[in-house]
Amino acid sequence: MGKGDPKKPRGKMSSYAFFVQTCREEHKKKHPDASVNFSEFSKKCSERWKTMSAKEKGKFEDMAKADKARYEREMKTYIPPKGETKKKFKDPNAPKRPPSAFFLFCSEYRPKIKGEHPGLSIGDVAKKLGEMWNNTAADDKQPYEKKAAKLKEKYEKDIAAYRAKGKPDAAKKGVVKAEKSKKKKEEEEDEEDEEDEEEEEDEEDEEEEEDDDDE
């Protein structure tokens, strides 16, 4: 979020993010000169959050609601700089980029890891999944790679149809040139979108964690 337009409204924070921020401020007041081990600190915050009552979490949930309202209000009046509009505001009707083989693997094994190690932080779960994938034999990776390839093939057909529908003249002209630049662009976008997918997952995991605790 450090990149891009400095005038863009700050992203909305979850109740858990407000809680972690408060913990960090408390820690700084008590130990102003101490360095913070991030993974250790995150683990302690996660454990403390799980033991909190719904009433204690209430103030952070109120802060999150107020921040969400602030973000939505500011986004209504925000005008992105030229050239950024296309990237920042994606068409909801556009075909969704397919998941990678690793992402499909994570979707299958994440619930198992969370079930076996409920105390693990989101970062530790991601690290464990990365280790598991690296230690998985090439033959065992094949089903995920085949599925990812099929989904990518479908996506390419869908996106070609979507682009042709949106720009009929462009579909007739310069197809060969467009294909070359498209491939390069998609390779770059793949990396960005995998990061987006991981961020989305982290947010989902955070919300799941909060929902589980509220129950």
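Start at 1 and count along the chain as shown; that gives each residue its number.
From the backbone N, Cα and C atoms, a Cβ is placed for every residue, glycine too.
Annotation source Swiss-Prot lists N6-acetyllysine at LYS3, LYS8, LYS28, LYS29, LYS90, LYS128, LYS141, LYS173, LYS177, LYS180, LYS183, LYS184 (among others). Summarising the annotation, Swiss-Prot assigns region 'LPS binding (delipidated)' to 3-15. For 9-79, 95-163, the entry in Swiss-Prot reads DNA-binding region. Per Swiss-Prot, the feature cysteine sulfonic acid (-SO3H) maps to CYS23, CYS45, CYS106; the stated evidence is similarity to another entry. For 89-108, the entry in Swiss-Prot reads region 'Cytokine-stimulating activity', with the evidence type similarity to another entry.
Under DSSP, residues within the DNA-binding region (95-163) fall into helix, strand and coil as 56 helix, 0 strand, 13 coil. Here is what falls inside 10 Å of the CA of CYS45 (cysteine sulfonic acid (-SO3H)) among the modified residues CYS23, LYS28, LYS29, LYS128: CYS23. With every protein chain in view, the residue among the modified residues CYS23, CYS45, CYS106 whose Cβ has the most Cβ partners within 10 Å turns out to be CYS106. Taking Cβ-Cβ distances under 8 Å and a sequence separation of 6 or more, the neighbours of LYS141 (N6-acetyllysine) in its chain are ALA101, PHE105, TRP133. The modified residues shown are CYS23, LYS29, CYS106; of these, the one with its CA atom nearest the CA of LYS128 (N6-acetyllysine) is CYS106. Candidate modified residues: LYS8, LYS28, LYS29, LYS128. Fewest other C-beta atoms within 10 angstroms, LYS29.
When DSSP labels each residue, the DNA-binding region (9-79) comes out as 54 helix, 0 strand, 17 coil, counted as helix, strand and coil in that order. Checked against CYS106 (cysteine sulfonic acid (-SO3H)), the modified residues LYS8, CYS23, LYS29 differ in C-alpha distance, with CYS23 being the nearest.
The separation of CYS23 (cysteine sulfonic acid (-SO3H)) from LYS29 (N6-acetyllysine), Cα to Cα, is 10 Å.
Note: the Cα of LYS28 (N6-acetyllysine) and the Cα of LYS8 (N6-acetyllysine) are spaced 28 Å from each other.
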